[in-house]
Amino acid sequence: MGTSGSLPSPNEAWSLITLSKVFLRQPFTNLWRHIRFRRVKGEFCMLKMAQQTAALSFDLVAKCSVTRARASTMTLPHGPVELPMFMPVATQASLKGLTPEQLESLGCRLCLNNTYHLGLKPGQATLDTVGGAHKLQSWNHNILTDSGGFQMVSLLKLAKVTEEGVKFLSPHDGSPMLLTPEHSMSLQNSIGSDIMMQLDDVIATTSPDEERIKEAMHRSVRWLDRCIKAHKYPEKQNLFCIIQGGLNLDLRRECVKEMVQRDTPGIAIGGLSGGEEKAKYCAVVRTCTEMLPDLKPRYVMGVGYPEDLVVSVALGADMFDCVWPTRTARFGNAITARGTLNLRHASYAADFSPIDEDCDCLCCRSHTDGGLGVTKAYIHHLTGKETAGAHVLTMHNVYYLLNLMRNARKAIVADAYPAFVRDFFGKIYNFNKAEYPVWAVDALKTVGIDLMTDAESPP
Amino acid sequence: MNTFRVLKAAVTDVATTQSGARIGVLQLSKGFTLHTPNFIAPTSRGVVPHLSPDNLDRNTGVVGVYVALEDFIEKAPQRVPPLYTWPGTLRDFISLPADNFLILAPRRSPAIVCPKPNSDANISILTSVGFRDLPVKDYVSAAVKLRPDIVISVADIPNMEKPGKTRVPKIPVRTERWLDELIGRTNAGTSSKEAGTDAAAEHRPAVFAPALSLEHVKQRLYIDYLVDNVDKLCGLVFTEADHLLDLPDELQQLAKYHTDVTSGPHEILELIDRGVDMFNANFTGLATDAGIALHFTFGDGSNEGGVPLEPTDLATDMWNEKFATDLSPLEDGCVCYACRKHHKAYIQHCLAAKEMTAWVLLQIHNLNVMDRFFEAVRKSIDQGRWETDKETFAQRYKRELPEKTGKGPRLRGYQYKSAGGDKKLNDPAYRSLDVDAPEEEEGVPEADAAGLQKSGFAQVASDW
């Protein structure tokens, strides 16, 4: 193989493909798309860097040479998205006062809808008539839906899980109801989401009942099988499995093995972000990513704090979602590179600086830069009194997280993710290392970044 | 220079019918132009309700906004309002798009009546933290410092329905004194150095003087004052048009701005007929909050097929469940963002789900209807069709907007005056889980078991 120049010569490339064609018996065009050349220690190596299923193709663009961070491109039925990414949550088919046009202008190409909420309003019959959630909200980009099971357990007081499904008492008339994996799939098929999630048996990670956690893990696997069977449109909608097993790493490993065998187009790590210790959260993510195949997207559910995102990316996760950035915006909290600011506080009443000096979103840019020139003082003036203030701050917060992940991706592609992580924590804590959260320092150490020293140390 | 010019008065067929309708152009020294008759968007705390500045800019035809100082001076004088320490202009403080001009007024539109009467030096106002006094000299200083494009002078409006014998004479006297103070200060420029220079003239806001709802005899001196100073004025502002046509000719040449709530397009047309040039789009906001989409058109010559037997609705209540699967736009043929990109089904869904986006889209649409309406009015006057078009509109549309059925967005205390013993304006957002659920609660199914099963969300279980 060639060792000089940045690309193999056409002859070399051709011979590689011819060889592969003979040995791997794959059609030429398909194979070409799946091959990348990568220089490792001066040698070109041929790597399989892409994988395609019916409704999703996954293209691994780069891997961090220190951590487990990955940059990839995932192409879904409504267009490509770049990973790692944050997905804002448009619970009831609208992102809290923003128009789809505004959400699009922030650079969002994949947002969440909640199956539970859309199942209640507007309901399956309406979704079928309208032609799905994309049509309903005039959103021509991708949508991910959850299974509906989580809200069942978290919002309703009386819910219990049986092998059939989630049982709950109708709050309206008290009659017993049953939500099964089949119901969830049928609803998500009606919604038409580009990524749908299996119904899983969710229990709090903080639950002390080991037996119950184990049961939930095994049940989630069985329910995945039922979901796969009930899924009507695998050619145009992607069903992701959800790894369960609480904080028990052995259970998680067992679950990964079972789930990976089912070969879903993508894999989610579920049951986290429920108030468990951050160190334990990191251990679970690390344990799972270690075993997960390279060429599938990995989605950690319910995570949205900037620090969690940056650490989780280092641990090998690709996708995140959380209502926190949009909810906290409505309470007047701005997410900035220097931490989260509570703009309701009187100290911001006469603070005429932009929401975030480092931010280049529409709201933070000055009038002369074509932005809105919104100040902290103006948000303070509006919070809790006029909804348009929440809309502006929602736009900023969503942009901040989308952009954080875009910058993370750029850093990974440039193989400079460790420096990105150092800079990120440095800015939040004003480079005062004593204030860095211990869990983050420890978790990053396991993947080769020691925030306390200035050099990378291989794990 | 701030100027208002009448371009053309409406032509009437019969010499006996007198129409005051006219088209005009308001030109402000900072380069803004408003063709009249036209509407102004009232703001709350500096925002046109529901619209972030980018939506206002990109998706509406709004040219001017009405901003009340009482929305910005919460705890003054105990605490200096942030706005007063702000080094820039009011328009920058509220991130107003560059294409919009700003009208500064002391009070919101419509203003809540305050319990305490005005005094010689103060008016009573309502801020988001309660009633208090606003010294008129503070308002005048703010008007100079904040550099609005138009400033409305303070009127002494009594806080009772029928002011008594001693109260009435005070009205024109105080209003005149306050106007004199404002004219004096705005003409003096922001600093003594600037006075009389071109820079001062450039920053000088256009002054709109109050026209009082009093008979001519009771405000003769005030009117004389207005006539004497007419060259320093650009417009008149008022809440009742009763005595408008009694004003002398000199004052008729000023822009006439109606700031009170109108009941709808019919009343607006009647006021245009009495010579009103500018309106606050208050009823538009009320319709938006009620979940009502406007859809009326003026003077498009559609009377050719004769006047319909039944008058058409001016607007539609979008809460109606029959729109749940209706993929047509709010109004056929409308080119606003809401109609181009979205449909009734989505807006109905967002209202039912109490998602703020519903009111954003309705506000965008309703303001576009207003924009189109006023454009058609101007064209109609210009082309000499005013009398016919007005007549057709009156016959073609119902007078009243539809009844409000759904709930609006959360109400704020500074928008309403409590009368004692009132129920809570809003339902509680949170409740204890141990208390029985009210009929409707976010995230909890409203449908009964059969409904849930029908919707496909879950099935009725045989046991528990």
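Cβ atoms here come from the backbone N, Cα and C positions, even for glycine.
Small disclaimer: the values here were computed from a predicted structure and weren't measured.
Listed in sequence order, B:H295, B:R340, B:H365, B:N368, B:V369 are the same-chain residues six or more apart from B:C334 (Zn(2+) binding site) with CB atoms under 8 A from its CB. Feature annotation from TrEMBL assigns Zn(2+) binding site to B:C334, B:C336, B:C339, B:H365.
Taken from TrEMBL, the feature compositional bias 'Acidic residues' covers B:436-445.
Confidence over the domain 'tRNA-guanine(15) transglycosylase-like' (B:20-398), given as mean pLDDT on the 0 to 100 scale, stands at 92. Annotation source TrEMBL lists domain 'tRNA-guanine(15) transglycosylase-like' at B:20-398.
Residues or ranges marked as region 'Disordered' in TrEMBL: B:401-452.
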Spatial neighbours, same chain, of B:C336 (Zn(2+) binding site) - Cβ under 8 Å, 6+ residues apart: B:N59, B:I364, B:H365, B:N368
Coarse DSSP state, helix versus strand versus coil, of B:H365 (Zn(2+) binding site): helix
Shell list (Zn(2+); ref centroid = CB of B:C334, B:C336, B:C339, B:H365; cutoff 8 A): B:P329, B:L330, B:E331, B:V335, B:Y337, B:A338, B:R340, B:I364, B:N368, B:V369
Secondary structure of B:C339 (Zn(2+) binding site) (DSSP, helix/strand/coil): helix
For B:C339 (Zn(2+) binding site), nearby residues of its own chain (Cβ under 8 Å, 6 or more apart in sequence): B:P329, B:L330, B:E331, B:H365
